[in-house]
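Have a look at the structure below, then the notes.
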């Protein structure tokens, strides 16, 4: 059983404040919820289990039981998960406030220990102190957290997470902030709490405390498309698709890391809860993570033989050709922007190949094909530049004054002509490697300009940011018919 979950369940009964703050979905009646997909720690109840996606940020960080409350660590309502979430620069004073909150919600003193032990000793067999019966008294105060970086903002979700070595398929990684506080001071706080426990439980408490307070922080993970709801991923091919999210909000305003101080003033906390409400947002899918997902899918269906062909139609419109026809039934081609990029990239590359190589049919086997498969995924800049460089070398460029040039005298379509004029100010007859890089990036940036994209979607914005964008109608950016350049 998860220690944090058990502790919330038992401590919820001791007073009115705890009854409001420590209410977890995992301790209530189970309700239908979205299917689980990954394994990790539920941020709400801290147990290691199968996770489903959060309705507030679409990432997988909540269990099926806790999903009924729809709590997200990015909410503005001061529920327990939000009060345990700190952001960016965490000071020693912030950590003191967190420890005070823990001590307020989960006190250990003689009265509390006697109360729980008396309620547990219902039968003769329960006279001895067995760990599983007193799990709720064995949660030490630590500075253990799960952290995540979202476009420059680092969030720390503090809690007590059991079994740290278990499989973790989420973008969160364990971080220990004890060095930012004071080890001896935290030791003293826990030793004082431990002193009220029976001797047989003190050893288990100490073991748990030191194992969760002396660990080495993990390397922070990179957020990828795999960490977001499969429902979102399956609809990325639709340019007009918007992500629907809900956030738990309140009228309370405070610095982000100061919310945990609310529990010190019970009346103020309940006044804030009276203003609690849910806000709905429609969010654009525009970000690097989702853009790269689409470009990677398209890359899997590339037919490189088109660059040596003589087809009169664009690359996505070739039919009945064994070497050049793509399968238009894949959903990735439903996004006209991906088709435009594919057509223009291959129209430009075919002009380069036809200008520099003596290849007359798409059935021929050429070395250049193996590098063309990576020309769409511009998000992986290093790999993309290597692919373009190898393509350039396959053209057997002529070197003049230590600069290599390739001919460019084959016809291209009007879209490519316009992009040539925009990127190099003319329709050139010869091109350097740098010119080719600029032109190919311009073709992709016309629709997906990753230079000005967030890495993660706006579903990972805080409520304050979402409200500011919503007032300017910017949460749904770029209509389906408008490119990034326009």
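Note: Cβ is positioned from N, Cα and C throughout, glycine not excepted.
The feature region 'RNA-binding' is assigned by Swiss-Prot to 1-81, with sequence analysis given as support.
What Swiss-Prot records for 42-79 is region 'Zinc-binding domain', and it gives sequence analysis as the kind of evidence. Non-local neighbours of the region 'Zinc-binding domain' (42-79) in the same chain are 1-5, 8, 21, 23-28, 30-31, 33-36, 85, 146, 155, 157, 159-163, 166, 169-172, 227-232, 243, 245-250, 252, 259, 262, 269, 272-273, 276, 278, 457, 459-464; each lies 6+ residues outside the stretch with a CB under 8 Å from one of its CB atoms.
According to Swiss-Prot, the region 'Important for cytoskeleton localization' annotation covers 82-176. For the region 'Important for cytoskeleton localization' (82-176), the predicted model reports an average pLDDT of 90.
Annotation source Swiss-Prot lists region 'Interaction with host IRF3' at 317-486.
Annotated motif 'IKBKB-like degron (ILD) motif' per Swiss-Prot: 479-483, in sequence order.
Annotation comment: Swiss-Prot describes 480-483 as motif 'pLxIS motif'.
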Three-state composition of the region 'Important for cytoskeleton localization' (82-176), taking helix and strand from DSSP: 36 helix, 20 strand, 39 coil
Secondary structure tally of the region 'RNA-binding' (1-81) (DSSP, helix then strand then coil): 24 helix, 15 strand, 42 coil
